[in-house]
Amino acid sequence: MMIKNKKKLLFLCLLVILIATAYISFVTGTIKLSFNDLFTKFTTGSNEAVDSIIDLRLPRILIALMVGAMLAVSGALLQAALQNPLAEANIIGVSSGALIMRALCMLFIPQLYFYLPLLSFIGGLIPFLIIILLHSKFRFNAVSMILVGVALFVLLNGVLEILTQNPLMKIPQGLTMKIWSDVYILAVSALLGLILTLLLSPKLNLLNLDDIQARSIGFNIDRYRWLTGLLAVFLASATVAIVGQLAFLGIIVHVVRKLVGGNYRVLIPFSTVIGAWLLLVADLLGRVIQPPLEIPANAILMIVGGPMLIYLICQSQRNRI
């Protein structure tokens, strides 16, 4: 009971930190906002300067929150489905496949913009299915699976590089220049994906069982591995449709697991909040380090995530010895 109360208190503290960070991000920028500016806006409803800043910053903040949460949860689901603590949508090529499909859809069927998350999901499925098929045949260990994923990532990014030589082929570049329609599109995918994840979370702990143990209790482990993997790909692909590729947010789950343990009923909510906070901080730092220039949030995530991935690979190899 005491441990549960501590986790609840920690979760509330993280929520407060997330809200505080969102407020700081909202009032910070080339044009700063004061509390009085916001108070005047919400009491009188008339402040054109604040209105313009709201339309610039608030969609960006909301998208950062949703994308961070979705990618962190996607990482947790992928790791559960593949039984690999190194799995992450960007590393295994899922994001690259989704981005290629997104680019092709915008070139040939731009009128389906609202359906981009679903269409990108189809592209993200291809590298995921390749990983699954190869793993079923060769039984990769954790590091070998990631190496195959990196090879797919490089291959698909090469294809993407060729496609983007076409001046009409536009791909999203991070969190900049986001508008309210992007928020609405992503919100639908976020609500659907995260609600399904919460419904699925009681079964995720059972994915750690081997096939014999699962069958002995009547648990269809193959079905739930597929459902979990598909949901992970959907969450990651939906974010790619709006912001493009963001690296390493999925492996933050390893840190969350150290904090709260491996119970997915607890791990998923904590990953949601910490993932949202991490991307929001990365975006905020990118805006304030060298104004008026902006450092992409993805660059900051790569600087932090690269050493973390090296550490996880070394730890995985040490555990095999």
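Each residue, glycine too, has its Cβ placed from N, Cα and C.
Non-local neighbours of the transmembrane segment (9-29) in the same chain are 35, 38, 53, 57-58, 61, 64-65, 259-260, 269-270, 273-274, 276-277, 280-281, 283-284, 287-288, 291; each lies 6+ residues outside the stretch with a CB under 8 Å from one of its CB atoms. The annotation transmembrane segment is assigned in Swiss-Prot to 9-29 (among others) on the grounds of sequence analysis.
Per Swiss-Prot, the feature transmembrane segment maps to 61-81 (among others).
Annotation source Swiss-Prot lists transmembrane segment at 89-109 (among others).
Per Swiss-Prot, the feature transmembrane segment maps to 114-134 (among others).
As annotated by Swiss-Prot, transmembrane segment applies to 143-163 (among others), with the evidence given as sequence analysis. Beyond its flanks by at least six residues, the transmembrane segment (143-163) meets 82, 84, 86-87, 90-93, 96-97, 99-100, 103-104, 127, 130-131, 134-135, 169, 171, 313, 316-317 of its own chain at Cβ-Cβ distances under 8 Å.
What Swiss-Prot records for 179-199 (among others) is transmembrane segment, and it gives sequence analysis as the kind of evidence.
Look at Swiss-Prot and you will find 233-253 (among others) tagged as transmembrane segment, backed by sequence analysis.
Sequence annotations record features per position, and here Swiss-Prot assigns transmembrane segment to 267-287 (among others).
Packing against the transmembrane segment (294-314) from elsewhere in the chain are residues 64, 85-86, 91, 143, 146, 173-176, 244-249, 251, 254, 278-279, 282-283, 285-287: each is 6 or more residues past its ends and has a CB under 8 Å from a CB in it. The feature transmembrane segment is assigned by Swiss-Prot to 294-314 (among others).
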* **When counting Cβ pairs under 8 Å to the transmembrane segment (114-134), the leader among 61-81, 179-199, 233-253** => 233-253
